[in-house]
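S.K.: Here Swiss-Prot flags 15-35, 61-81, 88-108, 112-132, 146-166, 184-204, 240-260, 274-294, 302-322 as transmembrane segment, drawing on sequence analysis.
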Amino acid sequence: MLTLARQQQRQNIRWLLCLSVLMLLALLLSLCAGEQWISPGDWFSPRGELFVWQIRLPRTLAVLLVGAALAISGAVMQALFENPLAEPGLLGVSNGAGVGLIAAVLLGQGQLPNWALGLCAIAGALIITLILLRFARRHLSTSRLLLAGVALGIICSALMTWAIYFSTSVDLRQLMYWMMGGFGGVDWRQSWLMLALIPVLLWICCQSRPMNMLALGEISARQLGLPLWFWRNVLVAATGWMVGVSVALAGAIGFIGLVIPHILRLCGLTDHRVLLPGCALAGASALLLADVVARLALAAAELPIGVVTATLGAPVFIWLLLKAGR
């Protein structure tokens, strides 16, 4: 038994090391790649100072943090709701952030600064989170809370559809680009949003013990002495914050929160002491690579990153599911 535990521990360490190396390589590629390839030796030249430090670095950091936040949010939701299909958009938090951002665009007639749009997106996500917490205080079961989140997401989606239908052509273009996700407008002015993600990310990565209990199911978690009501509220609030900030930075990005935790579990990373940091590393790597593809796929334009993540990730996910089912 001790030998098996040591083997599993070594395997987990190898996985984390491999994911760390992958993230560093993806980070390096993201800083080098673009309309002009700039190797690390040229980063401190006048050209590198402009393209790398002023344009690519803030975008790369935003992609890294959003990828980590979405993947960790997916892992938390899948444990909290005991559902492998749970992901950040399932509770309606992503759509709530979208409603806040769309309201800001329409009411501000496209004149509001980026920081105001970001605050409105976070406010929309937190409003949906507060509604979910109110449901949770009624001691609803996890399945009922999940259904409540789905219903809120449908309502928010309907509101966004109505807003797009009645918007002007200029607003419509901005809204449609946001709904497909993208980091094209990110620069150092959004650094406050990036900083808002870091404390919550680090805190959740340290909560492996309650997450492991939650993954066993509600009944087992209660028997082990976990204050289920408290942890459900705290984790829903933390997830709402991360998703709201991510939407404010990059818009709606699917796939990452659903597939990354699932892929790591299929690879044997089931302990949340390893799964949570693994999700952060893998989510950041996947979104960095998708962002590079989005930038380089077309010569004269940039692809929406949400389209890239779905196109590249879905076949890999299906292959892993088929492989695991044999």
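A Cβ is built for glycine as well, from the same backbone N, Cα and C atoms used for every other residue.
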S.K.: Return yes if the transmembrane segment (61-81) and the transmembrane segment (240-260) have at least 3 CB pairs under 8 Å (sequence gap of 6 or more), otherwise no.
M.R.: yes
S.K.: Could you check if the transmembrane segment (184-204) is in contact with the transmembrane segment (88-108), meaning 3+ Cβ pairs under 8 Å among residue pairs at least 6 apart in sequence?
M.R.: no
S.K.: Counting only CB pairs under 8 A, let me know which of 15-35, 88-108, 112-132, 146-166, 274-294 has the most with the transmembrane segment (240-260).
M.R.: 112-132
S.K.: Kindly say whether the transmembrane segment (15-35) and the transmembrane segment (274-294) touch, using the definition of 3 or more Cβ pairs under 8 Å where each pair is 6 or more positions apart.
M.R.: yes
S.K.: Quick test of the contact rule: Cβ under 8 Å, at least six residues beyond the ends. What residues does that give for the transmembrane segment (146-166)?
M.R.: 81, 83, 86, 89-96, 98-99, 102-103, 106, 128, 131-132, 135, 140, 172, 175-176, 179
S.K.: May I ask for the residues of the chain that lie six or more residues beyond the transmembrane segment (302-322) and have a Cβ under 8 Å from a Cβ within it?
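M.R.: Residues 177, 180-184, 250-256, 259, 262-263, 266, 286-287, 290-291, 293-295.
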